Amino acid sequence: MMKQCARRQMTEPVFRVAVLLALCSLSIGVDVHQAQKTPSISSAALQRHKRDWKWDKLYAYEETRPKNPPEKIGKLENTFFSSSTRYILKGDGAKDKFGVTDNGDIVVLAKLDRETQSVYNLSASLLNIHTGELVDKDESFVIVVLDINDNIPVFDSDQSGSISESSRAGTTIMKVKATDADDSSTENGRIDFKLLNGTDLFKIKPNGDLIALKSDLDREKQSQYLIAVQAKDMPEHLTGNSATTVVTINIKDINDNIATFKKERYQFTVKEDLKPGSEIGLLEVEDKDEIQNKDPTFALQSKFNDVFDIKRTKEKDGMLSLKVPLDYEKEKTHKFIVIVEEHTVSRTPDNKGLLKRTEVIIDVTDVDEPPIFNQTEYTFSVFEGPFKNPVIGAVSAKDPDSASYKIRYTIEDANCPVDVDPVNGYLSLKRTLDREQESLYTFQVTAHEDVLNGLKSSTMVSLKVLDINDNAPELTNGSYVYVCENDKPNTIIGTIGASDKDENSGRFRFTLARKSSNFSLYDNQDNTATIVLKQGGFSTENSEEYVLEIEIADGGTPEQKSVNLLQIKVCTCQSGRRVEYCMSYARTGMSVSALLAILLCIITILVIVILIVLRRRYQKEVLVTKASGEIHEQLVRYDEEGGGEMDTNGYDVSILSSACHDSSFRPSVGPALYAMVKKPPACKGDMAMMIEVKKDEADRDRDGIPYDTLHIYGYEGTESLAGSLSSLDSSSSGSNLDYDFIHEWGPRFRTLAQLYGVDGSDSDSSY
């Protein structure tokens, strides 16, 4: 049987530690008890009783350095223990922190830390050293680590609190928190708090509650307190560990101060053209409370409430603004009193009796202002149609400045139907208005000072065109009137209506302008009329066209009438007058507008023809009356041997030059187209003969230039609007021109001199 002994070290207060140590030293042998189970021998058999293990907790102090030999804390005993067996420990800290000797003593091998691990669970077993088998089964036990005061108190990271100013005495501000890693069930882990300063305003309870002692905390005097707090373990003992921290106490603001003005007088300068709604200046106020607790209100003297306004800014100051325009000519200075009040103060204000009123002075400066109309907008109305008096109204503006310049009025829109008198502003119509085309005109009238670089302003004018009964009614729904072949007399074949472009037209009256033998019309007295068939027997094979002349009167003042033609078709219908086929009529008539267009085209064509004839006559007269010196001749001659590249690209030279060999291509001899000119006197041969010879040579020479390159313009006829291009008046006789100076030009111009020389002969030749 196994016995066990253990050193018992119970957790007691510190002042009993010495007694326990003495008792433990004496109990090494005394506390060791043996639990032997002696077997009883009977005659029948030898029986073994069941073993009963009884284990107590084993105790060991933390932070004890290992000793040599190791410190013994208990002993294992077993009846099966012998020299061939040994004890083995298993579990937490076995072999590194705890061990067992050969005789069963449990020893501490390393320094223990209760804050790391306070309880170790182990088991003991007895092993046969030869076979390696267990002699007895394992039994468990516990080793408890005893605490010593080896840790100091630790404060939480956030040690701050707040209290509203003027709070009652005894109000809890916050709870100071600190922890000690030592055993809290002993004096080692219990903490006591103490204030090191500020004891006249605050106190702290043992549990850490921080309490205010006074009710006159004022944030405006001091908004924050820094209090040193000490935390110490081992209460009621001089010894022990302690720590110190600083606790921040913030005084929260309440609205216990009223807003007051910083100055007794505020003065601003404002131009008279400042627009309403604009800011004038800031009325600064002073309030020691925080901005969220400021709640000032501003009040002006009653007669200035319509001119000025004060609004509170984000900073809780007063912003003075303008409500209506100022006028320097009426009042140059404005003086008034502004009062600031605060009705949400939580208690009697600390700053009562300070400045709550201030005087505001506003000096208005003069500026050159544009003309001002006596109305912001003008509205006039006029009846459409012809008018007797063109004046529809007037606009008026004046110069508000002391200079009081004259005002002139203009309308810049050229399409405006209204004109304005530049001096007195009378508005008059420029043309007749038609409400059906446009019922409302809106335009701008400008007034400007009658000086150089004068200012100007504008106003909007609306002209409403009133209606008169000037439009005749028109027929509607006429396309839905038809007669069926199988219609019987007194059948309603359709209903017509009327419309009028005028406003508020009265009831329309319908009558037949010309009686009809086939149809009748009944006025329904509701702006409609019914067409009724008098007799039947209509057929689509009959080409006769049926037209009703219907007179419609609108009943207005003056009454307008119109005669409308209603064409009635003859149709083949199914049951219920459902149209299957309608006979169409060829319309031979023509509208008045088409006739006018055709007539206008005819007149235009006649005018163009007359102008062309007159111009041609004028050209003929000018051509006949030209002087002989104004007609010149241009002689184009080619000296080179054949035409150039540009001449030969456009035609076939062989075809042109072969004209003399084919008599069919020779031009027929016709009447002379050129006027007769004088034969040059200096020429010794007949000019006509010489030209014929040259022409014949050119026709026979295939390598030469075409025969038609010799251009002689004598007279181009009378049909050209540009007149004659001739450089010589070939038809004139008795020329007085002298060409003897050509002989002086040299031998190159000898032939030309011969052509235009004078030989005394007056005979003429034609060419």
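Numbers run from 1 along the shown chain.
Each residue, glycine too, has its Cβ placed from N, Cα and C.
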### Query
Considering the Ca(2+) 2 binding residues GLU115, ASP147, ILE148, ASP150, ASP182 given in Swiss-Prot, which of GLU62, GLU71, GLU77, GLU220 is annotated for that site as well?
GLU62
#### Entry: According to Swiss-Prot, which candidate in ASP96, ASP102, ASP105, ASP233 joins ASN149, ASN151, ASP180, ASP182 at the Ca(2+) 3 site
ASP233
### Message
Within a 10 Å radius of its Cβ, which of these glycosylation sites (ASN121, ASN518) has the fewest neighbouring Cβ atoms?
### Response
ASN121
### Query
Taking each of GLU62, ASN121, ASP147, ASN151, ASP233, ASN374 in turn, which of these recorded positions have a Cα lying within 10 angstroms of the Cα of ASP113 (Ca(2+) 1 binding site)?
GLU62, ASP147
### Task
From the recorded positions GLU63, ASN121, ASP233, ASN374, ASN477, pick the residue whose C-alpha lies nearest to the C-alpha of ILE148 (Ca(2+) 2 binding site).
GLU63
### Summary
Taking only the CA atoms, the spacing between ASN374 (N-linked glycosylation site) and ASP182 (Ca(2+) 2 binding site), expressed in whole angstrom, is 94
### Task
Around the recorded Ca(2+) 1 site, report the further residues of that chain (criterion: Cβ within 8 Å of the mean position of the Cβ atoms of GLU62, GLU63, ASP113, GLU115, ASP150; site residues excluded), sequence-ordered.
LEU112, ARG114, THR116, VAL145, ASP147, ILE148, ASN151
### Task
Would you mind listing, in sequence order, the residues at least six apart from ASN149 (Ca(2+) 3 binding site) in the same chain with a Cβ closer than 8 Å to its Cβ?
ASP182, GLU187, ASN188, ASP233, MET234, GLY240, ASN241
### Summary
Apart from the site residues ASN149, ASN151, ASP180, ASP182, ASP233, the 8 Å Cβ neighbourhood of the Ca(2+) 3 centroid comprises ASP150, ILE152, PRO153, ALA181, ASP183, ASN188, GLY189, MET234, GLY240, ASN241
### Task
Give the residue counts of the domain 'Cadherin 5' (475-581) per reduced DSSP state, in the order helix, strand, coil.
3 helix, 54 strand, 50 coil
#### Entry: Cα-to-Cα gap, ASN151 (Ca(2+) 3 binding site) vs GLU115 (Ca(2+) 2 binding site), nearest whole Å
9
